Amino acid sequence: MKRFAAVTLAALMLLTVFASAASAADSVEIRGPVFNGSNIVEIVGDGITIDATQFAAFYYDIDDNVTTETLSIKDVSGNSGNVIGEGGIVYSTKIQKVDYEYYKPSLGWDNYSLLGFFAEKYIPLKSNSADKLAKLVIDSDDKITLRTGETLDIGQGYTLQAKQVDVDGEKVWLEFDRDGEYVDDEIIEVGADDSTWDVELDDIQDEDDVTVMRVHVNQVFQGAVDSIAQIEGIWLIDYANAMTIESDDEFGDLDDVSINGDTLNITNEDTFTLTRDSTNELAEGLSFKVADTSSNVLRFYLAKEFTDPGTYEVRGSVASGEASWDASNFAGFYYDLDDNVETESLSVSELNGNVIGEGGLVYTTSIKKVDYDYENEDAGWDQYPIIGFFAEEYIPLKANSADKLAKLVLDSDDKITLRTGETFDLGEGYSIQAKQVDVDGEKVWLEFDKDGEYVDDEIIEVGSNSDNTWDVELDDIEDEDDVVVLKVHVNQVFRGAVDSIAQIEGIWLIDYANAMTIESDDEFGDLDDVSIQGDTLKISNEDTFTLTRDSDEDIGEGMYFKVADTPTSELRYYPAIERIVGNETTSITKPDESGNETVSDNETMPDNTSSETPDLNETDTPEEPTTTPEEPTDNETEPDESNGSPGFGVVLGLAGLLGVVYLVRRNN
């Protein structure tokens, strides 16, 4: 028992050290086209306009070729240098009709009014007026099965419960709730011509008879044990958070509002400065990201940062025939704004109807040099080679050869403080630990680990005669030796109120454990003709590639073409990748037991052992990454140690409890 308790206690304490490692991506940035010139007057010319075909964050329906939003920079008298004059920025959006995902016109599921509003989907409470809006929560044609008593989490606190399922009478009794409170219920006859339930509510921003939810019940049937209702078609708006836009409202720096029927225009009453080396907030999450350049160069792009959990599509510009994309018109490709560096391109030629001929689909990428985020040439932090590879950042193991690559894990100039014994999670299972901090001797002993296993360690001298940088070099990485896999710059060591502390400023890391060698006979999806010429990698299709209508056609490594549901003569498509924020987990809650039921788009009849259903729409809040507490400096904030990773306190509690058990058993 003593040995068991001691080993268990040690294991639990080890868990507490790495409890901060579990985290999910907490945001995704989608950018628009890059504008580059000497000043705003040169860039704007007679005026520039960005719409959804250029900016993937704006709403776009590829099937119907529908856009609603534009952002323009006008040629106004106040434009000068890096300053946009009064009224020079115009955001405009207009209500449009779009098809339901569950498209059944004969059942009343044809189209509805939608308005993009600062790159989010909103529904006008009145179909021809843009002043009263509610966010669209879900528009889905997924097939979902509910047993009697089960509750479906739709998103944003809204749920749907199957109160009773009457198979013989072909009826289902559904209840609609918000935050656990009753909203409405209905008995739906499934054998009727229209088995749709429209939930209409009054007094939504002073509007009555507002349709807030639509549910179509496809069928009811008897399962192996339970009576089951199958839903196909759900549409819901967040009516509880609907809003009315007034002419005196302000949205960030856009504060001159004009509402004209189905159109909303908002401009800037004051000048707007594109401050270099910064993100200039415009309104509602829209911003201009501006490069760190000299005063005679101005370079920027429009961006939207999404933080709500979910899967986001990052798309390129829309094409209707032969086309090409690079980082300027496909936000998925790697781009360094400060250095104006891009590496990737994709081209389509030899297009006959909707078929790309052999060798007509070509992906190319080349190695380029970019600055470290921590810029310090004297300490060896100047530039490093990088290559975009299917919209991910990779590092070549040899600076001029594109055949051996490792993914870039981290390139950061954030200030991090480590006390003696503390471990900092770098990502992908890598970590560094401050073994000892010697303030008097101006030294720090760091250890580098992978998945908790020792890799290397070093005593770093922090004195003025040292570059304060630890380069971790490893051998036999894809048969290459002396590969720099980690760079760490220690800024200073100092004594805090209690502990000796090391401050790190500058970390760079590659995922060497998953490095790869690309061979000429490799295949990447439908790209299977590989050519490596020094620092350039070119991959094309040996066979024809069909742009099948109404589909996502995989190109390779997560990149795909989304093709509109149109005749071949009206071909419309774009390249895209997906980025995931948070942890997507919508659930069906069972009445008497835990567990969920799995239902795919191709419905399989569930049995009594089914356990999981995929979520319709994300509602859970993602876990925030937990970093090591830092000693406050001018640019640092001491984190609240009470807000650790979920479960951290539980682990400590279990460790303490087992410690008591161990001591009691030892004394006995």
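The backbone N, Cα and C atoms fix where each Cβ goes, and this holds for glycine too.
It should be emphasised that the depicted structure is a prediction, and the values quoted were computed from it without experimental measurement.
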With Swiss-Prot as the source, identify the stretch among 497-517, 644-664 annotated transmembrane segment. 644-664
For the candidates Asn617, Asn643, I need the one that Swiss-Prot annotates as N-linked glycosylation site. Asn617
How many other Cβ atoms are found within 10 Å of the Cβ atom of Asn36 (N-linked glycosylation site), counting all protein chains shown? 17
What three-state secondary structure does DSSP assign to Asn36 (N-linked glycosylation site)? strand
Count of other CB atoms lying within 10 Å of the CB belonging to Asn65 (N-linked glycosylation site): 15
What does DSSP call Asn265 (N-linked glycosylation site) in the simple three-state scheme? strand
Do you know offhand how many angstrom separate Asn265 (N-linked glycosylation site) and Asn65 (N-linked glycosylation site) by C-alpha? 22
C-alpha of Asn111 (N-linked glycosylation site) to C-alpha of Asn65 (N-linked glycosylation site): distance in Å? 14
Between the Cα atoms of Asn36 (N-linked glycosylation site) and Asn65 (N-linked glycosylation site), find the distance and write it as a whole number of Å. 29
